[in-house]
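The next block holds one structure in the form of structure tokens; read it before the comments.
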Amino acid sequence: MVLSIIHTEPVKVNRKHGAISFSEALSLTGFGKFNYFLIFISGMVLANVLLETAAMGFILPIAQCDLHLSNQDKGVLSAISFAGIITSSHLWGFLADTKGRRKVIRPTLLAGFVVTLFSSFSHTFWVMVLLRFINGFFVSGGSATIYAYLGEFHTDKTRSRAMMGSSFIFAIGAMILPMIAFLVINQDWVLPITFLGIDYKPWRLFLIVCGIPGMLCGLSMFALPESPKFLLAHGREAKAIEVLQKMQRWNGGTEELKLKHILPEEEQPGSMMQLNNQSASKENFATAFMKSMWNQTVPLFHKQYIRITLIVCNMQFWLYVVTNGMYMWFPHIINSMVEFMNGHPGEHKQICHIVYDKHESLYKEDGTMECVAKLENTTYFYSLIMEILYASSFAFIGLVINRVGKITILFISTIFFTSCGLAAVFVMDPSIAAYLYVLFFLVGVAINVLGAATVELYPTQMRAMAICVSLMFGRLGSVVGANIVGAMLAHNCEMTFYTACAALYVCAFLTLLIPRRTLAPPAKPVLDEA
């Protein structure tokens with residue numbers, strides 16, 4: 001086994017011989033069908049993560065009796081997919097930076113769907129937990145890598161809008177979630193499967209339907225090439241040129257794009273990591289693999305990057321605590337509020353007091369639980385309103401992001417939507433509180449803006465790992481958020497809001513410390529280990 005980290009110097013090509021920079025070569029491909037298709041697929045990959053994870057939020061109130069779930073069990077099931085994502089995100093980041101973006105995205109999307117298919121037949125709580133964990137393990141591959149993959153097909157001029165375009169597609173996909181839930185979950189049919197000991201109900205089919213976009217995106221990746229910037233950074237110039245020529249043909253170029261040489265950009269000289277298996281020793285291979293991954297991660301915490309890395313990871317953690325962790329309880333809380341408003345028209349009560357009353361009605365003192373067959377129709381309406389506002393926010397941000405700037409958008413959006421969440425706790429009118437509660441979750445628009453900013457803050461050979469590490473902290477926030485809410489909701493509902501809002505206010509001011517330019521890559525030593 002030989003682990004080699006090779007320091008490579010910039011390829012010095014004389015411009016007189018027809019050499020141009022990568023950015024110039026990329027701009028020659030134009031902006032057309034290829035870019036639109038890539039933006040759409042990228043957006044659907046992001047939407048797939050939401051569909052695969054957030055689907056549990058709609059399922060848990062319905063599956064309570066089928067899987068015999070307590071509030072703590074619901075917290076575990078809400079978080080377990082994110083735990084799988086955390087476990088694998090570092091691995092996928094390493095493989096994406098060393099083996100290729102496409103080689104990670106395509107197989108993980110397809111594997112994730114297969115696991116989802118099996119999980120729909122789960123007959124016990126623990127089987128469901130195991131399969132949703134494995135699903136999260138694979139879902140992570142596409143979700144983190146897609147940012148770097150999409151960004152590297154676009155120039156500085158078009159990258160931000162491409163990112164926001166994919167975020168808009170993501171929001172459209174998210175908007176479909178409550179529609180799918182309404183059309184599938186609120187049906188009455190039951191299909192007994194005696195040899196598994198389960199009744200196959202609509203909520204099980206809902207799991208499969210939410211996994212289909214991932215399967216379609218995985219198949220679509222067969223038509224898309226590897227990132228040309230990744231290929232160039234790894235010394236595969238001829239292949240990078242082929243990809244650029246393919247882009248130009250897709251975009252309607254009438255003449256073949258002729259490129260003799262492409263100059264690496266300033267950020268590209270540095271280290272390329274190669275893992276060569278020259279030994280049959282599994283122990284040595286595993287050790288070298290871990291050392292490779294470690295050496296790919298360490299640069300993120302070098303002096304010139306540590307401030308950015310810590311700020312981004314902290315922001316991702318708290319944004320995900322709310323938008324994923326607390327969101328898993330959104331259908332339950334909104335459904336409780338809708339039931340209260342329908343049963344007590346004109347009566348005023350704070351959101352947390354309604355939640356306390358609902359918990360007492362679900363879990364009886366004699367140990368029995370009340371089964372919920374369907375969610376209130378108005379619950380889906382509030383979910384749909386949220387997703388429409390998401391899509392509108394992304395569309396608006398896409399139009400103004402280059403003019404206003406990512407940092408400004410991060411600061412304003414975080415402050416405003418956090419304030420809505422804090423106000424929702426104190427408002428006595430449940431209808432107004434419900435809309436403020438909906439607006440609270442729109443703080444999630446900051447995640448995509450932060451992702452776009454992160455891509456531009458790190459050089460090519462560090463981007464996928466930077467995104468994966470930051471999202472690993474985000475998913476950790478999802479796990480913490482879902483479980484803390486599950487444990488505290490019944491007795492300390494207000495404290496969950498106070499803690500999350502206070503942390504998000506701090507995060508908003510931390511965004512002002514993020515630099516507005518890409519930093520130079522750190523110098524890395526030559527390492528040869530036999």
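Positions of Cβ are set from backbone N, Cα and C atoms, glycine also.
Quick look at what TrEMBL lists:
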| type | residues | note |
| --- | --- | --- |
| DOMAIN | 28-519 | domain 'Major facilitator superfamily (MFS) profile' |
| TRANSMEM | 36-63 | transmembrane segment |
| TRANSMEM | 75-96 | transmembrane segment |
| TRANSMEM | 108-127 | transmembrane segment |
| TRANSMEM | 133-150 | transmembrane segment |
| TRANSMEM | 162-185 | transmembrane segment |
| TRANSMEM | 205-224 | transmembrane segment |
| TRANSMEM | 308-330 | transmembrane segment |
| TRANSMEM | 380-401 | transmembrane segment |
| TRANSMEM | 408-428 | transmembrane segment |
| TRANSMEM | 434-455 | transmembrane segment |
| TRANSMEM | 467-489 | transmembrane segment |
| TRANSMEM | 495-514 | transmembrane segment |
Subject >> Tertiary contacts of the transmembrane segment (380-401), as residues 6+ beyond its ends and Cβ separation under 8 Å >> reply: 160-161, 164-165, 167-168, 170-172, 174-179, 181-182, 330-331, 334, 338, 409, 413, 434-435, 438-439, 441-442, 444-445, 448-449, 452
Subject >> Distant-in-sequence neighbours of the transmembrane segment (36-63), which means Cβ under 8 A and at least six residues beyond its ends >> reply: 69, 74, 77-78, 81-82, 105, 109, 112, 116, 132, 135-136, 139, 142-143, 146, 149-150, 153, 162, 165-170, 172-174, 177-178, 181, 185, 201, 203, 206-207, 210-211, 213-214, 216-217, 220-221, 224, 250, 324, 327-332, 335, 372-375, 448, 478
Subject >> Region pair the transmembrane segment (133-150) / the transmembrane segment (495-514), three or more CB pairs under 8 Å >> reply: no
**OP:** For the transmembrane segment (75-96) and the transmembrane segment (467-489), check the count of CB pairs under 8 Å (sequence separation 6 or more) and say whether it reaches 3 or more.
**Re:** yes
Subject >> Stretch among 162-185, 408-428, 434-455 sharing the most Cβ pairs under 8 Å with the transmembrane segment (495-514) >> reply: 408-428
Subject >> Tertiary contacts of the transmembrane segment (162-185) (same chain, 6+ residues out, Cβ under 8 Å) >> reply: 35, 38-40, 42-44, 46-48, 50-51, 54-55, 58-59, 62, 146-147, 150-151, 153-154, 202-203, 205-206, 209-210, 213, 374-375, 377, 380, 383-384, 387-388, 390-391, 393-395, 397-398, 401, 445, 448-449, 451-452, 455
Original post:
Between the stretches 308-330, 408-428, 467-489, which one has more Cβ pairs under 8 Å with the transmembrane segment (434-455) than any other?
Top reply: 408-428
Subject >> Non-local residues, at least 6 beyond the ends, that sit with Cβ under 8 Å of the transmembrane segment (408-428) >> reply: 322, 348-352, 393, 397, 400-401, 436-437, 439-443, 445-446, 449-450, 453, 494, 497-498, 500-501, 504-505, 507-509, 511-512, 514
